[in-house]
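Novice: After the structure tokens below, expect a handful of questions from me.
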């Protein structure tokens, strides 16, 4: 039995972090009876422990709700809950492509934020009908009229008939459901008997069933027992089962045009089920694939090393497991003289990096050292070839390099105007070019072009502290640009420490180098001989600190007598220290690495 597409509504909820979209999803599930009172818990759709704890949504989730509207018809509503954070923009992108409309949730006390903007523009790009919803109107600080004006000024959406709700108390939830049914369009009616065409929206790994794929059927019918082909990879799989989430899994016979559901087909790895791929019938394939998805490109790279080198195998297993579930995370093995065996991993951004690191530490109990995050540099060599550099330690001889290009981003920052000066100074310090500056009410919208290298380090933390937490920030990649970049090595006791080398802009090398040397001077324990700590660009030392030696007071036993006696003892000690320094090894403790990599810019 296929459902009449005019009774289906596929919609997603877009919002900035903490504006209450997961709570709204909970209420919608509760009102339509998706779960009994007893099974309800906060943030039903955020399954990952980390998601609940940080209150952020990382993986997109879906749920199918049956709702009997005021016109007496029963509608099938497919809700896709999307993440709100920049790093997971690819999750948002593909969730939106599977829907026809969006609910734009804005906190009535906070107003429009940078990520609200970013996600709304993505929804507009895929031609969504958008219904504004003002949440948290039960708060004393709520100013719905001001926020409506803001939505109209900043985003340009008509907010006169925005739905007023409080997801926490359940106020206005019925109005949201009515708005979904009346104001959002149904999916385009596909032919249920045509060749199967379905878009793969998401995929994750289930330890019992293999990979489970979330699909949105465009044309044809997806049934249990048929053989499907993924058009991107060409691989074929028998369908073991199809079903829907309400939010618990429920098997059904078939999925028709416009419907969203899951299929499991003994696929071994999430990498085989590429998001955005087209699923079709192997016997009667569709002529051409749906307009595809760009695979997510990792932007930030860093090394992950186990604190205890005996845990390397456990780390490998944990990383492989995480990669099963996260196709945008890439990894390869690497070794470091200072840290031993580990992995060089690619992430979508800093939050993604932090989330993965926390999951490794928490779900697999592995203590990790993370090296300084770096971006991918494109090296144009003198012989005309191009190299992508993921790790600053692998940089070839500078003589052979013609130019080095680094990725630039366009950053959109929304900030209350009293903090604007500090934010502009921060962007200027980070080699930014101002693109525009506009005001919406008492908030300034600043758009800057910045090198990603400068943002990766700690831009977000600095931005938050300058603006006392009020600024919101969102970025997208624009292009690679050639810059005057050099590799800076850190030498401890004349030995280069590979884990601390980094690529910096020549103008800021001395500053960065000096800060690093000072930091290491505090962190490395004193030895029996003096240790020079230097920052070098090629053969030129740009900064130096000296860690003085621990020494015994050798002249304590001399009372009076000849000065040459004292001199002899001091010279003997000096000769000993010199010999010691030749053969001595400096042990840099792991805490020193970790702290040095968290270096801030002041």
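Just so it is clear, glycine is given a Cβ too, placed from its N, Cα and C backbone atoms.
When I checked Swiss-Prot for this same protein, it listed these features:
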- 18, 19, 20, 21, 22, 23, 135, 136, 137, 138: GTP binding site (BINDING)
- 6-188: domain 'tr-type G' (DOMAIN)
Novice: Restricting to the same chain and to sequence separations of six or more, state which residues have a Cβ under 8 Å from that of residue 137 (GTP binding site).
Specialist: 108, 144, 164, 165, 166, 171, 172
Novice: Listed GTP-binding residues 18, 19, 20, 21, 22, 23, 135, 136, 137, 138 - what's their greatest C-alpha to C-alpha distance in Å?
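Specialist: Max Cα-Cα spread across the GTP binders: 17 Å.
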Novice: Under a three-state reduction of DSSP output, how is residue 137 (GTP binding site) classified: helix, strand, or coil?
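Specialist: DSSP assigns residue 137 (GTP binding site) to coil.
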Novice: Around the C-beta of residue 18 (GTP binding site), how many further C-beta atoms are within 10 angstroms, looking at every protein chain?
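Specialist: Other Cβ atoms within 10 Å of residue 18 (GTP binding site): 15.
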Novice: Mind telling me which of the binding-site residues 22, 135 has the densest Cβ neighbourhood, counting other Cβ atoms within 10 Å?
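Specialist: Per the Cβ count within 10 Å, the most buried is 135.
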Novice: Over the span of the domain 'tr-type G' (6-188), how high is the average pLDDT in this prediction?
Specialist: 74
Novice: If H, G and I count as helix, E and B as strand, and all else as coil, what does DSSP give for residue 22 (GTP binding site)?
Specialist: helix
Novice: Taking only same-chain residues 6+ apart in sequence, whose CB is under 8 Å from that of residue 20 (GTP binding site), what do you get?
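Specialist: The answer is 105, 107, 135, 136, 167, 168.
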